[in-house]
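Residues or ranges marked as active site by TrEMBL: Glu326. Annotated active site, proton donor per TrEMBL: His412, in sequence order. Under the heading domain 'P/Homo B', TrEMBL lists 621-746, 1134-1252. Marked as signal peptide by TrEMBL: 1-27.
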Amino acid sequence: MRRSMSTALLAAVVAAGALVVSLPAGAAPPPQSLAQQAQAAAVSAADAHVAANRARFHATNDDEILQTGVTSAQNGLNYIAYERKHRGLPVVGGDFVVVTNAGANVVSSSVAQDRPLNVAAAPRITVDAARATAKRHLPRVESEKDARLVVLAWGTPKLAWEIVLSGHTATDPSVLHVFVDALNGYVIDEYDEVKAGDGHGHHYGNVTIDTSGSGSSYSMTDPNRPGITCKPYQGSTYTGPDNSWGNGGATDGESACVDVMYGVQKQWGMLSEWLGRNGIDGSGRGFQAEVKLGAVNAYWTGSGTQFGNNSANTKQLTVMDVVGHEYGHGIFQNTPGGSGSGNEMGGLNESTGDIFGAMLEQYVNHPNDTPDYLVGELINLSGNGPIRNMYDPSQKNHPNCYSSSIPNTGVHAAAGPQNHWFYLLAEGSAPAGKPASPICSGGPASVTGIGIQNAGKIFYNGLLAKTSSWTHAKARVATLNAAKNLWPNDCTNFNATKAAWLAVSVPAQTGEPTCTGTPSNDFSISASPTSGTIPAGGGSVTSTIGTATTSGTAQTVNFSASGLPSGVTAAFSPTSVTSGSSSTLTLTSTSAAAAGTYNVTITGAGAVSRTATFALTIGSGDPGGTCSGTNDTDVNIPDNTTVESSITISGCSGNASASSTVPVDITHTWRGDLVVDLVAPDGTAYRLKNSSSNDSADDVKQTFTVNLSSETANGTWKLRAQDIASQDTGRINTWSLTLGTGTPTNEFSMAVSPTSGSVAAGASATTTVSTTTTSGSAQDVSLVASGLPSGVTASFSPQTVTSGNSSTLTLATTAAAAPGTYPITITGTGSVTKTASYSLTVTGTTPTPGIPDIDIAKVEAHLTQFQQIATNNGGNRRSTSAGYRASVAYVKGKLEAAGYTVTEQTCTSGCTSGSGNNLIAEWPKGDANTVYMFGAHLDSVSAGAGINDNGSGSAALLETALVLAEKNPTMTNRVRFGWWTDEEQGLNGSEFYVNNLGSTEKAKIKAYYNFDMIASKNGGYFINNLNSTASAPMKAYYDSLNLQPEENTEGQGRSDDYSFQQGGIPTSGYAMGASARKTSAQATKWGGTSGAAYDACYHQSCDTTSNISNTHLNRAADGIAYTLWKQAVSGTTTPPPPGCTGSNTTPVTIADNTTVESSIVISGCSSTPSATATVPVDITHTWRGDVVIDLVAPDGTTFRLKNSSSNDSADDVKQTFTVNLSGETANGTWKLRVQDIATNDTGRINNWSLNL
C-alpha cells in the first residue's frame, strides 16, 4: 500500500504577491525522494496560485501568508495548508487550503475567511481584564497559558485577546479557549479542546498487540507507532515481567489498555490502507491513552485520550467505536483548521469521531463487535440503548436534517446531520440487509450508497480541505471537490455525495463544483400515486410511472410488474420509455382476487434495474371503507403562477365525508402570498386558505377539514396553489386526502413464533400461529400450510381459530425426509387472506450416536459475513485484497474465542505479491503425533465474493471447528484446520505450507481433507480419491444417506489437496462441482438439471449468498463432522453423567519457587470416577521444565500429571492428561497443584477441567 510521507516543510511566506523561502545559511537542499519531489512540486504550484489569486483568499497588503503544512493523500492529491498574520498579529480564522492533483495542478481550495481584513492592532482592554472575564467561563481554573493578541476572523473580524484556561467544568475536564473583544471586553467566542465522548466497556478476548521490551521487562509502548502508549489515569505506562497483559476482567486496567491498544493499532492500519494517512496526526505519530479515569465518560484532551467507566462501574469505556471516536477527534484536530469554534464545527467534530469509529468497526470486523452505524451499541450506558444512531439520528432525539438551529444545538446532537449524510453516502437510503435511512423534506427520492471505503475516502479528503470556520455548507463543497478529484472521469460518486447532502437538507452552495466526467448511465423510477384501491368484485386503478435520468445519458427503460395477487393483471402504456419520460400502469382485478393489501413491485430495466412499489388494496366489499391517497411528488410554485397536484381515488363507495381532511405540506418564504384550493373531480373548488398581506411567516404545514359530503369520492382530486405576488416562491412537498371512514373492513394479521426450527429426519417441530383482529370484527380464520417437502406433513390444533386466538402448527418429518432448509407458507383465510412464513431445517440422521449435527443456519451466518466483507471491500475477497484480510480476521477471531491455538503464516515465496496469510488452527488435545488435517481455501477470485467458491468450504470448516470446541470430546488424535491463501492464483498458500513442513511434521499428518465448492446449486456429490483409506469415513457418511457419491474427476489437481498429495500425505475431501455439466444419470439419482453446470456462477460476480444449495451444504458440513469424529475422537463421545465434570477458568499466577493450587468442586455425581478420567490443563509458563503438576483428590491422594525436567525448555503446558481415578470418590474438592521448582521463569494457570 502506498503510504503518505512526512517531510520537513519550509516556511513559505507570501506577502504583497512575493514568495520568500528561507534556507539555513550555507545549506544545500538535501536530496529528495520521489514522494518529496511530488510534494515540493505541489507546494510550488500552490504558492504560485496563492500569489496570483490573492483576492480569492481575501489577502490584503497588510496580510502575511504562511504555509504551515502539506498532507499527501491517495490518487496523488496534496493538501497545502496556510495561515496568515494581519499587521503582525496571528489571524484565527484566516486559514485556507489549496488542493493539487497528481500533475501538481491546483484543482480546488477552501477558505475560512469570508472578507478582507482591516482591523486596528491596538487594544483598549488590558490582558488582565480579559483574563478576569475569561475565567468567569470556567468554574474551576487550574492553570492558564500565555494570552495572545489576535485577529479573530470567525464572522465579523475583530481584535481579540485569546485566553487559554485549563481546569474543569462542573462535570468534565476542560482546556478552554476564550476570545475576549480587545476593544470592549465582551466575550466574542469560545471553544474547548477537550471533546467529551460517550463510551462502552468491551473486551475483545485474546488479541495480538504490539508492545515494547524483551526478556523480563515489557512496556505497553508501541514500538512501531510512535506516541502510542497506555497507562492508568495520572499513572505511568503499564509494565510487566512478561508480554502477557490483562486478565480479561471488565474493570481491570491492563485489560482495558489491551482493548485500547488493539483498537488504535487497528485504526492506524485502517488509516494507512483505506485512506493513505500516516498515523493519527498524519505525520507518523499517535497519542497516549489513559484508562481507569474514574469518570462516566471518555475524552480527547487535545494531546491524548482518556477512558472512564460506565455508570455502574462494571465496564471500562474501551469499546472499539469509542476508541475510534476519541482518536477521531485527534485526526480532526490534526487536519487543517484544527478544532475550530462553535457548535456547528463542534457537531462536525463529534460526527467525525463517530464516522471514524464506524469505519474502524467495519475495517476490523471483529466477531464480538459486528460492524454497524450505532455509537455505543454494546453497553447500555444510561439505560437508553445506543448513544447515537447514524442511519436515523432522530431515534435518539437528534436531528436528521440540517437547519438554522444546528449551530445552537449541543455538539453531540449536532453530529446528527453529518452522521446521517455519511450513512446515506456509504449505504444508501434502502440498503439490502441493513437499516433503511429516512430522507429529509426536499431531498431526492432515494440515495444509492457507494460503500464505506469510498465514503470514507471522500469524507477524509474533505477533512484535508477543512478550515477553522468549518460548517456543513463548507463540508458539502469540500466533499464534492474530494469526490471529483478522486474520480475525475466518473460522476457516480460525486452525484451520490451531492444526493446525500441534499437528503440531509444541506443545499447547493454558490460556486460549488459540478461534474462533467463520463458517468455511468443511470436513472430513477417512481410511482404516483404510490397506492390505490380496487373494490371487491373487480375494477382497475392507475398510477403514473415516472423515470428520470440521474447520470450519464438517457436510456431505454422496459417495465414489468411482480408481486401481483391471483386475479390481478398489470399493463403498461407504453411498455418502455426513454428515461425522463413516463408510462401509465393499469392494475385490473377480477372478482376472483382475494381481499387484502399487496405490494406490487414495478421494475424498470435498462443498463441497470431500478424499482418502485405500489400498494394495491383489493376491497372486501364493505361499504364506506377508508378512502384516501397521498401525492409526495414535489411541485414548484414560481412567482405569480397557479400549480396543481393530483390524487386519484378509486374503489371508494359512495360520497365523501362531511369531515374529510386534507393534510398539506407547502414550503414558501411568504405564505401570505398563497391561495390554496381543493378541487373535486366534478370541478367544484373548496377554498382551504386565502391570501393575506399581513401573514409574513414561512410555509403552510396544516391539516384542513372540509365538508365534501355532496361529492362523489371516486375520481381525480387536485390541490391547487396560487402565488399572487412577486419575490417569494415555494414548493408543494406533499399532501394527502382522507375522504372519511364508514364501516371498517374486517381485517386480521397473522404471525408465527418461532419463525424457524431444525429437526432431525423422523422428528417433529412446532410453532405457534397467532392471529390478531386489526379492524372491524373478529372472524373465523382457516389455517393451511404449503411448501412442504416430501416426507413432511403439517397439522394445526385447532385448524380454525377466531381472530385474536392462536393455533399450534406441528411439522412432522419421516426418516425419508431429505436434509435441507425449506420455506413453509402458512395461510390464514377469512374475509381476507393473510400469510406468514416459517423456515424448517431437516437434518440427516446421524450415522453414529454422539457425532454432532452441524447447524446449517450457523454456517449460513458465516457465509453472510463473508458476503458482507466482500461488499465492504471492493466486492471480492481475492488473496491480495482487504476483503481477504478481513475474512482471515473474522475466522481467526471466532477460533480464538473458542479456545484454539491460532497461527497466521505469511507466505514468503511462491504466492502472489501482497497476498494475505494462511490461517492454521489446532485443537490442543489428543495425540500430537497423529494429526488429521481439514482445510479449505479462504480466497475468492477478483470477479466476486466467492461464496460457493470457497466461502462454503471455509464456513463449514469454521462451524465444525467451533462445534468441536463446544463439545470438547475426549480426543484420541490431534485435529488441525487450515484456511489457505492464494488458491485461486495457483494453490500457492497450501503449497507453501506443505513445502515448509519438515519430514517429521509431514509424517505426523495421517490424512488431509479438503473442502472446495460444497454448496453448488446444481451440485453432485463428489469425493476426492473415492476408494482410498483416507476417504472411508467420508464415503461412509454419504452412503448412510444413499447418495451414491462419485470420484471428483473435475477437481483433480485443481484444489489444495493436490499440494498435500505432492508432499506424500494421503488426501480426500468433498466437492459438489464447478463448471462441468451434470449428466442425465446424475440428475436421475441426485436431482437437479441435466446438461447444466454444477455451479452456473463459477468464478463470476453472481457467486453470492444466493448461489448456495442449503441441502448440499448441510450434508457436506455433517460429513465433515462425521469424518473428524471418526478419525480423532475417542469412542462416541457419550456425554458424562450430570455433575461429573467441572472447570475453573480463574487465572492463578505461578511465581518463582512457589506452589499454587486451583480447585474444582464436584457434587451430584452418582458415578464412580473412571479409570480413564481426563484432566485438560492450560498453563502459560516460560520454561515448562520447571513445573511439577499434580491432581489432588478430595481425600488428599496425589496423582502426578507431569514431572519437572531440566531439558524441557519449551513454553507452556497445554495438554489433556488421562488418569485412573477409579479408586476415588467423585464428589468433593479436587485441586490442581502446580509447583515451580527453579528461578527466573514464571507462569500462570489459565484454566483447567476435570472429566470424571
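Numbers here mean position along the shown chain, with the first residue as 1.
Positions of Cβ are set from backbone N, Cα and C atoms, glycine also.
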Across the domain 'P/Homo B' (1134-1252), the model's average pLDDT, rounded to a whole number, is 81
In the three-state DSSP scheme, Glu326 (active site) belongs to helix
How many Å lie between the Cα of the residue listed as 'active site, proton donor' and the Cα of the residue listed as 'active site'? 13
Neighbouring C-beta atoms (10 Å sphere around the C-beta of His412 (active site, proton donor)): 22
For the domain 'P/Homo B' (621-746), the DSSP residue counts stand at 3 helix, 62 strand, 61 coil
DSSP tally for the domain 'P/Homo B' (1134-1252), helix/strand/coil in that order, comes to 3 helix, 60 strand, 56 coil
Counting every protein chain shown, other Cβ atoms within 10 Å of the Cβ of Glu326 (active site) number 31
